[in-house]
Amino acid sequence: MYDFNLVLLLLQQMCVFLVIAWLMSKTPLFIPLMQVTVRLPHKFLCYIVFSIFCIMGTWFGLHIDDSIANTRAIGAVMGGLLGGPVVGGLVGLTGGLHRYSMGGMTALSCMISTIVEGLLGGLVHSILIRRGRTDKVFNPITAGAVTFVAEMVQMLIILAIARPYEDAVRLVSNIAAPMMVTNTVGAALFMRILLDKRAMFEKYTSAFSATALKVAASTEGILRQGFNEVNSMKVAQVLYQELDIGAVAITDREKLLAFTGIGDDHHLPGKPISSTYTLKAIETGEVVYADGNEVPYRCSLHPQCKLGSTLVIPLRGENQRVMGTIKLYEAKNRLFSSINRTLGEGIAQLLSAQILAGQYERQKAMLTQSEIKLLHAQVNPHFLFNALNTIKAVIRRDSEQASQLVQYLSTFFRKNLKRPSEFVTLADEIEHVNAYLQIEKARFQSRLQVNIAIPQELSQQQLPAFTLQPIVENAIKHGTSQLLDTGRVAISARREGQHLMLEIEDNAGLYQPVTNASGLGMNLVDKRLRERFGDDYGISVACEPDSYTRITLRLPWRDEA
């Protein structure tokens, strides 16, 4: 009966510890205990927490004869099991020294046994980690079993060290069973609380990550196409559906670009910004949060608006300049979730990166267009000079041929300067090249032969404008024009799987890699193809000196619309 009463008293003490553990689980202090880590701050926190439990287990223990029935083993074993041998040993030493300071027949034996209990927990920790069984560390059965063995070891140490021996035997017979039961159950329940908190934390973390990934996938590349009303509305609708919040708005520096959710009847896209929260975020570049309680929120557009809180996050572009804001709202009857707040700030960074990438891409495209215009400026005067001289020479002997050459020259410049779009058909590109070649053939006469072999089924394939002409011009200007014999240029096309292959071959074999302006045309074509389609595409060169130069252009096959 005495043992049963002692069990009840120790269980009461254990319940106090479990309540404290449960309260701790609601604080950030509990988070480091939920994972196996080698970080020093986490291990130090583990040492502090379980040392306190260890000391409390002794302090609130029950005095029996010249000893103390206690739940100290819970702190020592859990410290070792979760923190490892070093933490377990230090927790045991701290708890043991505290017990030794209280004196009594078992002071020394209890100090030693507490250190052993901490080391035993640490030993099990090391074995499980080494075997890759981290899940077993957080198993309540493991915690209970290790504590049960630790208590058995403690009783053996008391019998071995405490004197008089008869008193030690009597003490062990009275406290062994109650302490084994309560400490075992207490350690298992403590681990259960920890495991439940860990499962909940992982659930929220996985849900958070899944939402973040889904939002990232759904909004990928939208704002790269331009920071405007259409694209902003697409992003706002995705966020509204995925975040389960009251409303979402996106603004630039002056007006509302998009709004969806509660209050969309008066928050209309195109309206100038009137919210002080938005203006403050744009002016300071900082996140503005009005929770509706500590920081009151009031809609500036409608006195009866049902929105009760808002989070305004700046969107940044080049040089960290604020380009606009993203605003998340909650209704008056709902709290603004801290998860949505954190997620919102992360999404704002993602969208800012898209805006910045879009700005860079547009700048890159403008630079490429400038290079193309530069190439036109280089080619046109030189070619025009030669063409006019050729026409002048032809007009004296064959006015009809001269008329055709004028027509070819007109076609060349029309195609060269007034391309309707960035992409043209292969047939259009060949027409452009042919106009150039007809003038060059009139200039070189029998010294230049041209063969164009383009299958009819490839004629509607799309490719970037001004792709072939610079390559063909290089073949003549730096190749066949240098020959004393007849120069030959062959242009062909074929399909290879999902690729369109274009070849320009001359019989000069005079190709030399160049990095100066003389090679600007071909280098620019190669650069455009790689930037547009990737490094798997572009120009490759094969040259057999004094025999041939073959330029191969690799483009993606584009199915006809």
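Every residue, even glycine, has its Cβ placed from backbone N, Cα and C.
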Does Swiss-Prot give Asn70 and Lys327 the same topological domain, putting them on the same side of the membrane?
-> yes
Sequence-remote contacts (6 or more beyond its ends) of the topological domain 'Periplasmic' (94-108), Cβ cut-off under 8 Å?
-> 47, 51, 54-55, 57-59, 65-68, 72, 75-76, 114-115, 118, 158, 161-163, 167-168, 171
Rank 44-64, 73-93, 171-191 by Cβ pairs under 8 Å to the transmembrane segment (109-129) and hand me the top one.
-> 73-93
Same-chain residues at least 6 beyond the ends of the topological domain 'Periplasmic' (25-43) with CB under 8 Å of its CB atoms are 49, 82-84, 86-87, 129, 134, 137-138, 193-194, 197-198, 201
